[in-house]
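**Q** Below you'll find the structure I mean.
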Amino acid sequence: MKSSNRIVLSSDHAAIQLRQAIASHIAACGWVVVDIGPTTPESTHYPKHGEAAARLVASGDCRFGIILCGTGQGIMMAANKVAGIRCGICADTFSARMIRQHNDANMLSIGARVVGEGLALDIVDAFLTAKFEGGRHAMRVEMIAALEG
Ligand code: RB5
């Protein structure tokens, strides 16, 4: 584990502005932000951005990943194909808290065309401040890992 305070951020073209707002917000909270872009608005392909962020989390380079696309759906699907990734999509703070407490999620996906900036920042805060509860949930998370074969 290289760093426990590093968060990778990634998105496609649909979410650049919200990704940058999240980057500023979490940096102000003391996290080291690894923003892997993109920075220009040309249309791009969410799977490669989801995968790139997921690999930094799976390798231990970053503790968490926050990824965004228009809906948050496609980039989440791509990230979850990488072994070791548990990425949940959230449009509410309850889910953001619960994917940490019960599912030990290591990545969060948000749809920039779904939620506004204020709610998105609250979702990020809920995700980053919640703690995995372990116990009966640990076995279930291990069962998810077992599906990776
Ligand atoms: C891009 O138009 C859009 O398809 C993408 O941002 C995302 O919503 C896919 O899941």
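Yeah, the Cβs are placed from backbone N, Cα and C, and that goes for glycine too.
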**Q** D12, H13, G70, T71, G72, Q73, G74, N103, R136, R140 show up in TrEMBL as binding D-ribulose 5-phosphate; which entry in R55, R113 does that record put in the same site?
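**A** Between R55, R113, TrEMBL records just one in the D-ribulose 5-phosphate site with D12, H13, G70, T71, G72, Q73, G74, N103, R136, R140, namely R113.
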**Q** Tell me which recorded positions (D12, G72, G74, H102, R140) have a Cβ under 6 A from ligand 1; sequence order is fine.
**A** D12, G74
**Q** Neighbour count, 10 Å Cβ-Cβ cut-off, for R140 (D-ribulose 5-phosphate binding site): what number do you get?
**A** 12
**Q** Cα-Cα, whole number of Å: G70 (D-ribulose 5-phosphate binding site) versus H102 (active site, proton donor)?
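**A** On Cα coordinates alone, these residues lie 26 Å apart.
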**Q** Give the helix, strand or coil assignment DSSP yields for C69 (active site, proton acceptor).
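**A** DSSP assigns C69 (active site, proton acceptor) to strand.
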